[in-house]
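Student: Got a structure for you, questions after.
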Amino acid sequence: MQRIQLNITGMSCSCCAPNGWNNLPNKLSDFSTLVNSATRVAAINLSEVTQTAEVCEAVRRAALCTDGGEALQRRQADADNARYLLIRLAVAAALFVPLAHLSVMFAVLPSTHFPGWEWMLTALAIPVVTWAAWPFHRVAIHNARYHGASMETLISTGITAATIWSLYTVFGHHQSTEHRGVWRALLGSDAIYFEVAAGITVFVLAGKYYTARAKSHASIALLALAALSAKDAAVLQPDGSEMVIPANELNEQQRFVVRPGQTIAADGLVIDGSATVSMSPITGEAKPVRVNPGAQVIGGTVVLNGRLIVEAAAVGDETQLAGMVRLVEQAQQQNANAQRLADRIASVFVPCVFAVAALTAVGWLIAGSGPDRVFSAAIAVLVIACPCALGLATPTAMMVASGRGAQLGILLKGHESFEATRAVDTVVFDKTGTLTTGQLKVSAVTAAPGWQANEVLQMAATVESASEHAVALAIAASTTHREPVANFRAVPGHGVSGTVAERAVRVGKPSWIASRCNSTTLVTARRNAELRGETAVFVEIDGEQCGVIAVADAVKASAADAVAALHDRGFRTALLTGDNPASAAAVASRIGIDEVIADILPEDKVDVIEQLRDRGHVVAMVGDGINDGPALARADLGMAIGRGTDVAIGAADIILVRDNLDVVPITLDLAAATMRTIKFNMVWAFGYNIAAIPIAAAGLLNPLVAGAAMAFSSFFVVSNSLRLRNFGAILSCGTSRHRTVKRWRCPPPTRLRSTACSPVDASPLRPVAHRTGVKPPTHR
């Protein structure tokens with residue numbers, strides 16, 4: 001399968017989406033599409049036999065006006081469309097004002113008629129109902145061609161009918177017999193309907209313009225994110241000179257120079273120089289970071305002072321910035337469950353509105369009303385219905401939220417990320433690399449009697465050098481002289497073994513090596529390390545327990561505040577780790593986590609998540625390592641630290657770009673605020689149509705008022721979604737448990753399960769039995 005994206009510029013609401021696709025040639029039926037009415041982008045999955053060019057040409061023949069350009073270039077179409085509508089709106093409004101005044105005057109005071117007044121009104125109205133209203137007529141014609149209908153069909157029909165009726169009443173000298181005087185004008189029973197046709201055009205164009213402008217604002221976050229990339233790079237030549245090239249021509253392993261005020265052109269490794277780098281464009285963190293040789297840097301960040309020589313490791317579409325843009329776009333293109341329901345309703349909405357309009361006309365005729373009242377009520381029904389509000393209720397909120405999340409360092413992969421947060425009551429944290437910095441260091445080496453500490457450390461470091469586990473890397477980095485290792489084997493969740501200088505060496509957990517340790521020295525060293533919250537690693541050489549290596553990992557400064565913020569919001573927290581219970585309990589006590597689940601094998605983390613879910617909890621998991629991948633996938637909501645492994649990032653629903661736990665409560669707040677916005681939009685969209693159509697059918701609304709109400713409805717939905725752009729403006733999660741947590745304007749997420757704090761739920765989980773499952777390679 002191959003995936004392409006097309007810009008559907010001729011689509012305005014959910015009703016438009018199925019029309020073209022349902023009428024494409026049968027030979028192109030071997031593809032599936034996902035069309036988003038807010039972004040107007042169709043994601044098409046093609047089979048191998050289907051040619052991309054065939055699909056594009058078929059869609060163009062269906063008059064869907066495709067554009068296969070870059071996705072970010074397509075975002076500019078919203079701004080261009082807003083300018084296009086503004087021109088038509090300005091001309092229509094300039095003609096509508098005198099037209100409305102003259103029409104009311106001629107209707108209320110027939111004595112003001114003068115020779116040629118009919119032609120004056122016609123001259124003012126025709127440009128409005130034809131040229132200015134052409135965007136509606138064009139889509140309506142397309143829909144009629146393919147036996148479909150949309151909001152534009154309703155508007156075009158209303159404008160056309162009002163224009164034809166106006167020509168008949170003006171040139172046929174039709175006189176109304178109802179509602180004489182000024183009340184006739186207010187109640188919409190005038191014999192002149194030019195101002196109605198023009199007024200509908202003006203109000204709907206105004207709504208379309210403001211909606212298009214708001215939608216272009218909704219994409220600003222994504223455009224700003226893409227604009228962070230550097231335009232050029234100063235590549236270092238072998239002779240020491242520099243050559244400036246476009247950043248998109250930079251290749252991996254090329255070295256480039258970055259000076260103060262310049263943007264780093266690609267992800268890479270600092271080879272030479274020191275500088276302070278602003279990470280805020282990518283991670284949202286305001287505090288600059290000091291980088292030195294050997295540090296990794298991210299493309300799109302800005303050097304504040306100092307000079308760096310960077311070796312490119314990821315360029316072009318492989319950079320972290322490009323990946324962020326792709327994730328945000330993918331999130332914006334997906335349709336939530338609520339939106340799929342709205343789309344199904346919208347697909348039958350327009351035919352139902354036509355039926356209601358026809359029944360309204362028949363009903364008023366049976367009641368003995370005159371043609372003016374019949375016509376006014378039917379037109380009001382047509383123009384007041386707003387399927388557009390239904391189509392925009394969810395995708396606009398998700399589009400704004402995903403863009404705002406990217407600015408805050410939160411990448412949401414799709415609508416599941418939003419929907420899963422509604423019932424989350426428990427947040428489970430991994431320890432190493434998540435709650436702690438992951439930068440482990442050897443803090444102490446204790447040798448058994450008859451052994452030397454240097455010898456123990458060197459033998460252990462030699463074996464650990466073949467593993468990529470965080471503890472192994474720390475031990476391996478503690479010494480530079482290492483012998484070759486043979487027969488290396490990693491036992492996930494336990495440790496490693498190998499042969500060094502013909503001596504069998506095992507390094508790993510006390511439970512694996514020293515289940516029965518008779519050395520008082522080693523037992524004391526282990527106890528002291530665990531009381532300090534450090535990890536104790538035993539070393540065995542030729543079957544003899546010869547030493548204990550204590551590895552320390554600093555707790556992140558943001559961990560305690562983040563956990564306190566979660567507690568203030570009503571969430572329960574748990575620590576899930578393969579470390580020993582004493583060390584895990586020390587870390588949990590320092591941070592304030594409710595529950596500790598320690599000494600867990602990597603494959604058993606999934607079982608722990610399942611146990612929590614079986615007890616009625618809705619679980620969010622935060623992790624960063626390879627062995628966290630299955631648990632992140634099993635949890636109701638998986639959050640991966642951005643600097644984590646590809647496995648963790650791939651399994652998670654949300655990626656936290658910042659290496660800062662303050663973003664965890666912010667993420668849950670953003671998702672909850674987004675779901676509240678979507679719910680409010682849906683209530684408004686359904687409520688408006690349910691209430692407005694009967695009022696219009698009852699003849700209580702002038703068609704002008706109906707057109708204005710319809711335009712306002714869709715504009716209201718988009719504007720309400722745009723409120724999410726300000727999310728986090730007054731949010732401060734960097735709070736201690738002794739300070740009041742400032743939240744966004746909306747209330748915090750509520751606990752949906754009262755059993756969360758019951759005595760049964762508060763009891764710790766027993767470590768689950770080992771079971772066969774996912775075995776992460778060389779990790780414990």
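Numbering starts at 1 and runs along the chain as displayed.
Even glycines carry a Cβ here, placed using N, Cα and C.
These numbers come from a predicted model, not from an experiment.
Straight out of Swiss-Prot:
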{"type": "ACT_SITE", "residues": "D430", "note": "active site, 4-aspartylphosphate intermediate"}
{"type": "BINDING", "residues": "C13, C16", "note": "Cu(+) binding site"}
{"type": "DOMAIN", "residues": "2-67", "note": "domain 'HMA'"}
{"type": "TRANSMEM", "residues": "89-109", "note": "transmembrane segment"}
{"type": "TRANSMEM", "residues": "114-134", "note": "transmembrane segment"}
{"type": "TRANSMEM", "residues": "153-173", "note": "transmembrane segment"}
{"type": "TRANSMEM", "residues": "185-205", "note": "transmembrane segment"}
{"type": "TRANSMEM", "residues": "348-368", "note": "transmembrane segment"}
{"type": "TRANSMEM", "residues": "374-394", "note": "transmembrane segment"}
{"type": "TRANSMEM", "residues": "680-698", "note": "transmembrane segment"}
{"type": "TRANSMEM", "residues": "704-722", "note": "transmembrane segment"}
Student: May I ask you to check whether the transmembrane segment (374-394) and the transmembrane segment (704-722) make contact, with contact taken as at least three Cβ pairs under 8 Å and only pairs 6 or more apart in sequence counted?
Tutor: yes
Student: As a test: from 89-109, 153-173, 680-698, pick the stretch that has the greatest number of Cβ pairs under 8 Å with the transmembrane segment (704-722).
Tutor: 680-698
Student: Average the per-residue pLDDT over the domain 'HMA' (2-67) and send me the rounded value.
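Tutor: Mean pLDDT, the domain 'HMA' (2-67): 55.
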Student: Three states by DSSP: which one describes D430 (active site, 4-aspartylphosphate intermediate)?
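Tutor: Its secondary structure by DSSP: strand.
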Student: Within 10 Å of the Cβ of D430 (active site, 4-aspartylphosphate intermediate), how many other Cβ atoms are there?
Tutor: 26
